[in-house]
Structure formats: C-alpha cells, structure tokens
Amino acid sequence: MSKEKALESALSQIEKQFGKGAIMRLGDQEAAHDIDVIPSGIIALDVALGIGGYPKGRIIEIYGHESSGKTTLTLLAIAQCQKQGGTAAFVDAEHALDPKYAKLLGVDVDNLIVSQPDTGEQALEIADMLVRSGGVDIVVIDSVAALTPKAEIEGDMGDSHMGLQARLMSQALRKLTANIKRSNTLVIFINQIRMKIGVMFGNPETTTGGNALKFYSSVRLEVKKGGSIKDGIDVSGNEIKVKVVKNKVAPPFKQADFELIYGEGISLEAELIDLGAKYNIIEKSGAWYSYKGKKIGQGKEKSKEYLKENTAERDEIERAILELLLPNKYPNKDSNDSPKEGSKIKTKVNPAVTQDELI
C-alpha cells in the first residue's frame, strides 16, 4: 500500500471513529478561514492586536496593577459583542461589578449574564458550562486572584495552601481549552500583579494563579497607567498604555496608548486626534488642529470638544483611520488597495513599516 493510500485510510478511519472535522488538512475549505474577532472598542488596541480585535475561540489574559483599567477593557469588549447581537457573561469572582459604570460604557446590563460564585471551582465550572452551551460569545472572569479554592475557604485563617490555586487553574484550563475552540467563544481572564520575593535582577512582578494561564492564553495584555489628565487643577483621567506581550494570531509587542476619563470611559475623540495627527489625516500646525483645511480647535481639549459636537466629521475621521490602519477589516471604499504614500490619505510613516510599528 502506498503512503498516500495508507494516509487516506487512516484519515477515513479517524473521521469514522471521531466524527467529521476531527482531522483535516489546513488548506481544506472547512479549515481555512479568517479568525472571527470581537472589537475591543478602542481603535489603537484593535490595531495593536493586529487582527482588529480579540480573537474568538481563544483565551485572553489581561493583567496589570490596581485601577489600571483592566475591567474597563473587558466591559468595552462586552459592549461591542452585544452591539453585534452577541451574548455576554461576566463571572464576578471579586463581587465588585458596578452596573452603573458598565451601562455608561455601553453594556446592555439587562441582558448581561452575571454570576457571583462562592469558590474558584464554582466559578470555573460555571464558565465551562457557559462555554459548552455554545450560546455565549464572550465570557469574562474577574479575576484569577479571586478564584479561591474551596479548601482554602473552608480552612482556618493562616493555614498554608501551597499551589492549590495553580493546580485549580491548570486543571480547569486543560478542560476549557478544547470547549472554547469548539464553541468559538472568547474567554477573557483578568489577572492581578504580585511581587516575587528575593528577586535581585530582572522584573520582580508576576501574575497570580501559576504558569498555566500564561501558556494557554493566545493573547496577553499588560495594562499600565500613564500620566494624569487634568482639567484645570483637577485630575479628570489617566493615560493608559496597553502592551501586547504575547500574541499567537499576529506579531506581538505592539503598544496602544489612549485616555481613560473618570466617569466617562475611553475618550474616542482623544484617540482620533492622536491617531489622525500621527498619520496626517488631521493636520497639526503649532497648537491648531485642522481637518480638510478647516480648523477644528486650538489645543487637544478644544479639538475633542469640536469632535464631540460634530459627530459626522468624527465618524468620517474614524472611518479614514480604520481604512488606513486595518485595511483587511475595513477596505477602502474608493480602492481595493491599501492606501499608499501620495494617495488621498497621506501618511508620514512608510506603509511597509507601518504594520510593524503602528502604535
């Protein structure tokens, strides 16, 4: 029997025993397809992720220091999922979800599925059941640090429980991974940072829950606070920096910078001004910003106010930025080709280099 016939016989036997689709060539029509995504709700982050959003059927880890904007990122993703007609679930192990803030970010709180589990085992079992149902598009677990093993809860304060949480996460992720891929569900774990004791060289920071999540995650995002945004003498928000430290679906190590305004969420207008000026969609001369030869404001704050009031121009600028930076997802209406130097939208950055250093 030739090699080809032996292989076809083996493939046929595998399909017969385990079902159609259990094994296939990567070039087969059933296997070859673009990755489905859920937009992050932040243009700069969609670009940094390389595919226009979070990949479905994968595990994502978002980690960072306290009050750095981790939960905000997940709520924005939930809002985007719901806008597309999807169903979202939030496993609130920290018991700290603020419905008012979620609503402010665009989340349909009436249709958001929420669970506040008592133990880590219960939280992960609920997440697994939601994933296996196939009826949920995104599941957020907030947070890994709050997934307390049952043995620790039932034990006395001060008892030592070495490695319990790491074992729990390792076991759960082994079980979850195949179901997540099969149901094409996006699962986001929020994680916290801890300090490793006795580290003299290198980064002493690490995440909770052992190493399993680091391996199983297709994308890992590190969230950091930047400088303060001031309205006069009052602090009205923070600059946020998100670094893609691991990415299995696109080139990693890109960074997204944006503004988080207290009580409002992410400032879309600030993002459009920054990206528009960077790629010459918005002209900047001194302190003045202009769009298509028309001055829109002196200074960033005035320009933000203008875009808030003039939604048609804001949407036009947003579309131009998306067509330039994510041409595969948002094709140019005027041309099938990606914008080049000297075209209608001119860029200061060489397009060949752009995809490696966009943000």
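Just so it is clear, glycine is given a Cβ too, placed from its N, Cα and C backbone atoms.
Under the DSSP three-state reduction, Ser67 (ATP binding site) is assigned to coil, being neither helix nor strand. In sequence order, Lys225 are the residues near Ser67 (ATP binding site), counting only same-chain partners six or more apart with C-beta under 8 A. According to Swiss-Prot, the feature ATP binding site maps to Gly64, His65, Glu66, Ser67, Ser68, Gly69, Lys70, Thr71, an assignment based on sequence analysis.
As annotated by Swiss-Prot, region 'Disordered' applies to 328-359.
Marked as compositional bias 'Basic and acidic residues' by Swiss-Prot: 331-344.
Other than the site residues Gly64, His65, Glu66, Ser67, Ser68, Gly69, Lys70, Thr71, same-chain residues with C-beta atoms no more than 8 angstroms from the centre of those residues' C-beta atoms, the ATP site, are Val223, Lys225.
Of the listed binding-site residues, namely His65, Lys70, the sparsest CB environment within 10 A is found at His65.
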